[in-house]
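Peer 1: Sharing the record's features from TrEMBL:
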REGION    1-29  region 'Disordered'
TRANSMEM  87-108  transmembrane segment
TRANSMEM  114-134  transmembrane segment
TRANSMEM  154-178  transmembrane segment
TRANSMEM  190-210  transmembrane segment
TRANSMEM  222-241  transmembrane segment
TRANSMEM  287-308  transmembrane segment
TRANSMEM  329-353  transmembrane segment
TRANSMEM  369-390  transmembrane segment
TRANSMEM  564-586  transmembrane segment
TRANSMEM  598-619  transmembrane segment
Amino acid sequence: MAAGNKLNSLSQELDSTNSSVPSSAMSPTHTSALGLIQAPTAGPILAPALGPVPTLEQEKKPLEEKINFNIIHNRPQKNAEILSSQYGINVFLAGLLMIFACAIHAVGLTEGDLLSYLITLMLIQLIWMLWYVFRSYSQRRLNKEKDTHAGARWLRCGITLFAVITLLLDSFKIGYFVGYSECVSVTESVFPVTHTVHTLLQVYFLWFHAKDIIQSFKTLERFGLIHAVFTNLLLWANGILTESKHQLNEHKERLFTLGYANITIDHHAPECNCTTNVCFIFSQGIYYLYPFTIEYHILASTMLYVLWKNIGRTVQQQYHNKMQFRFRGAIVGTILGLFVLTITIAIVVVYLIQIGRSKSKSESALTMFYLYGITVLTLMCTAGTASLLISRTGERSLDDSESPSRKLDVNLLVGSACGSWFISWGSILAIICAHTHPKYTWYNLPYSILVIIEKYVQNLFIVECVHHKEENLNDDVKTIERIITVTNESTLSLAPSYETVYSETNLIFNKLLAQGSNTNASPTESCGEERKRSQGNNSCIRLPVLHFPTPDTTSSKLSKKRWILKNTAAFLFLCNISLWIPLAFGCRPQYDNGLEEVVFGFEPWIIVVNLAMPFSIFYRMHSASSLFEIYSKS
């Protein structure tokens with residue numbers, strides 16, 4: 001009896017202690033002891049008391065605190081993104097107004113003022129790029145995150161090619177202004193020199209840092225990158241203005257030759273004589289190189305924009321296959337594309353020779369161009385539609401991973417197509433509303449309709465093919481390319497046992513080996529010295545590093561579906577290059593047929609063409625780059 005009273009008193013003391021001490025502060029030993037003492041009779045031992053069950057409000061509180069912390073943590077990044085974008089837009093709008101003022105010869109603003117503004121922007125970008133390059137070099141040993149979808153090698157090679165031609169253009173400008181050094185301002189000679197240095201450093205920056213995901217100095221980097229984006233856009237717009245003025249003057253000269261006397265030609269030439277004999281060669285060569293420098297600046301601005309969007313981005317582990325260019329399997333598409341390219345060059349030469357010589361020669365040149373365009377666009381529509389239907393027969397799913405570069409590619413593809421659509425709908429409306437219809441204008445109707453359809457089909461084909469998941473990386477590959485540490489001592493560990501991992505590794509390895517994979521290690525390879533340094537009973541198993549081949553190496557022959565897609569991509573790639581050449585080098589049937597000018601008026605239609613044509617030119621080059629990516633992945 002006394003023993004029972006003593007036990008009850010001890011139980012009460014423990015109850016009082018339990019009420020004063022929080023359940024979270026009690027160790028499992030104390031809890032289990034309490035459960036044993038509180039059992040007054042013989043029987044099964046009760047489960048230890050785990051304390052009061054938290055309410056719903058208590059469970060929500062840590063989650064709300066975490067969400068609030070994330071919002072507060074991400075707020076500076078979002079503010080920096082908004083502020084930097086507004087800064088870039090204002091820089092761009094100010095420069096755009098200066099370009100417009102120079103185009104209409106506004107009072108009080110000269111071309112030297114515009115060039116001074118552009119020089120200042122380029123110098124600021126040069127200072128920022130130098131700072132970024134030196135800081136990256138000092139941190140070269142750090143493991144930095146990269147965006148595998150941005151800055152592909154073929155894209156960097158393309159921008160390097162355009163940059164080389166841009167440097168040639170700058171050298172022509174320097175030689176031209178040296179010849180007229182007596183009567184031109186210093187600004188006009190400083191601009192090409194500054195642009196040369198800017199081009200060299202920018203190509204270096206994009207070649208080695210296009211894939212960077214910036215995680216430090218994010219606010220400063222946002223302002224620097226958005227400044228670089230809009231600086232290149234202003235240089236692009238300035239090049240478009242110069243090229244458009246040159247094309248418009250040539251069109252007016254052709255109209256004057258055909259008998260239109262009420263035409264004012266805007267010639268902007270220095271007021272002194274050239275001191276060398278090559279000024280005329282420089283002045284003519286400059287305008288043939290402008291299309292390449294225009295493409296260079298728009299391509300550079302897109303790559304810099306992707307860098308800006310990637311600032312502070314968290315990227316999951318990416319399994320990205322390195323694309324390799326292989327000519328095998330695309331002979332038919334390449335031969336047909338080269339044939340179209342050869343015909344295009346001949347058409348452009350004949351068109352530029354015949355147009356404006358006489359009325360009959362101009363009409364025959366326009367008829368020839370429209371028939372050529374109808375034929376090429378029909379072939380492109382047929383190839384794109386057939387390949388689109390074939391690509392949908394497979395079971396490959398779309399890659400829904402978020403990537404700023406892919407999203408930008410799609411937006412640029414559709415946005416730049418609007419330029420051609422705008423001109424085509426203007427031509428269709430002019431044909432419907434015109435009172436008189438020369439014979440060649442009826443070829444313009446199917447040509448304009450096919451331009452709309454072809455871009456619609458090609459955009460759909462490119463988007464679906466680019467966003468397909470790659471076939472050669474499956475779950476087994478992602479599983480076996482790891483180093484797994486397993487703990488086989490504690491029964492509470494969630495890690496699998498040594499035998500389980502070993503058996504699963506052998507199973508996956510044998511499965512991949514049967515599929516033709518090439519390995520550099522056996523599945524029984526262990527960690528060697530790492531196992532000796534392991535503590536306790538932790539064992540380190542290094543699974544073999546497998547080199548998984550691309551689809552081109554797993555089979556000697558391409559499947560029929562991939563063969564069709566590869567040849568279609570090669571054919572459409574060369575066709576887009578072919579259609580870029582007439583637009584870039586002065587073939588303007590929208591100027592020369594005269595029907596749209598009669599319906600809409602001379603100056604309004606010229607403004608429409610000058611605004612929409614740069615987007616049409618960019619669309620062809622951007623489509624070609626996307627089709628080359630499809631060709632490399634097929």
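Quick reminder: no glycine exception, Cβ is built from N, Cα and C everywhere.
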Peer 1: Would you kindly list the residues that approach the transmembrane segment (287-308) from elsewhere in its chain, counting only those six or more residues past its ends and only Cβ-Cβ distances under 8 Å?
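Peer 2: Apart from its flanks, the transmembrane segment (287-308) reaches 84, 147, 150-151, 155, 158-159, 162-163, 165-166, 168-169, 172, 199, 202, 206, 209-210, 212, 214, 222, 225-226, 228-230, 232-233, 235-236, 239-240, 242-243, 246, 404-405, 408, 412, 584-585, 614, 617-618, 621.
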Peer 1: I need to check the long-range neighbours of the transmembrane segment (190-210): which residues 6 or more away from its ends have a CB within less than 8 Å of a CB in the stretch?
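Peer 2: Sequence-distant neighbours of the transmembrane segment (190-210): 115, 118-119, 122-123, 125-126, 129-130, 132-133, 136, 150-151, 155-156, 159-160, 163, 166-167, 170-171, 173-174, 177, 228, 235, 296, 300, 303-304, 306-307.
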Peer 1: Apart from its near flanks, which chain residues at least 6 from the ends of the transmembrane segment (154-178) lie with a Cβ under 8 angstroms of it?
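Peer 2: Same-chain residues near the transmembrane segment (154-178) but 6 or more away: 184, 188-189, 191-193, 195-196, 199-200, 202-203, 206-207, 210, 275-276, 278-279, 282-283, 285-286, 289-290, 292-293, 295-296, 299-300, 303, 323, 325, 625, 628-629, 632.
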Peer 1: For the transmembrane segment (222-241), name the stretch out of 87-108, 114-134, 329-353, 598-619 with the most CB-CB pairs under 8 Å.
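Peer 2: When the Cβ pairs under 8 Å are tallied, 87-108 comes out ahead.
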Peer 1: As a test: from 329-353, 369-390, 598-619, pick the stretch that has the greatest number of Cβ pairs under 8 Å with the transmembrane segment (564-586).
Peer 2: 329-353
Peer 1: Hey, which bits of the same chain come close to the transmembrane segment (369-390), Cβ under 8 Å, at least six residues off its ends?
Peer 2: 336, 340, 343-344, 347, 351, 440, 443-444, 446-447, 450-451, 453-454, 457-458, 460-461, 464, 561, 564-565, 568-569, 571-572, 575, 578-579, 582, 587, 589
Peer 1: Near the transmembrane segment (329-353), which same-chain residues lie under 8 Å Cβ to Cβ, leaving out any that are not at least 6 residues past its ends?
Peer 2: 365, 368-369, 372, 376, 379, 558, 562-563, 566-575, 577-579, 581-582, 585-587, 631
